[in-house]
Amino acid sequence: MGLVNSAIKRLSSQENSSRILMLGLDSAGKTTILYRMKLGAVIQTLPTVGFNVETVRYKNLVLTVWDVGGQERIRRLWKHYFNEARAVIFVVDSSDPYRLDEATSELFRVAQEPELHQVPILVYANKSDRSDAVPYAYIADKMSLCMLGDDRPWYIQPSCALDGKGITEGLEWLSNQVVKSGK
């Protein structure tokens, strides 16, 4: 874990950037969203075992986005990435309503961590373009997002990483929250 912590400190200090965690269950589309943000395009991805980290420039901000794998055996390692995070992006697969309870459990486990107290949370309801996708309002209700607390900003954004719909809107909200926090 010392190597991971060293890498986190080194990459987070670059260019006065803000560290953003991207979390969610496996196959939700986290890595596809990351590269859509960075490159504006879709690239071929493999399941993330460990993490991907990329610098995303949006308006006048530099965001160091840590995309951490979502497989069940990797989730217990998420805590090693919490330190100094300015925001969390939590990606949910809108076309897989059967895993919403599992996603909810993981989101609230993360939200209760002391290092992430009051940290803004952006929920991307990804794959919203699919015919089997449930509405993002249903996801917000089913996941009880309003229970994240009055002292924590949160926002849910329907998205499609493949065509980019909703990605910029979510990034806009997130960047405003980072600027407001002013840390």
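Every residue gets a Cβ built from N, Cα and C, even glycine.
Database features, via TrEMBL:
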BINDING   Gly24, Leu25, Asp26, Ser27, Ala28, Gly29, Lys30, Thr31, Gly70, Asn126, Lys127, Ser128, Asp129  GTP binding site
BINDING   Thr31, Thr48  Mg(2+) binding site
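Taking the Cβ of Gly24 (GTP binding site) as centre and 10 Å as the limit, one finds 27 other Cβ atoms among all the protein chains shown. The maximal spread of the GTP binding site, taken as the longest Cα to Cα distance among Gly24, Leu25, Asp26, Ser27, Ala28, Gly29, Lys30, Thr31, Gly70, Asn126, Lys127, Ser128, Asp129, is 22 Å. With a 10 A radius on its CB, Gly70 (GTP binding site) counts 23 other CB atoms from all the protein chains. The sparsest Cβ neighbourhood within 10 Å, among the listed binding-site residues (Lys30, Lys127), is found at Lys127. Taking the Cα atom of each, Lys127 (GTP binding site) and Thr31 (Mg(2+) binding site) are about 13 angstrom apart. Sequence-distant contacts (6 or more apart, same chain, Cβ under 8 Å) of Ala28 (GTP binding site) comprise Gly70, Val91, Val92, Asp93, Ala103, Asn126. Taking each Cβ in turn and tallying the other Cβ atoms within 10 Å, the top scorer among the binding-site residues Thr31, Thr48 is Thr31. Residues near Asp129 (GTP binding site) in space but far in sequence (CB under 8 A, at least 6 apart, same chain), listed by position: Cys160, Leu162, Asp163, Lys165.
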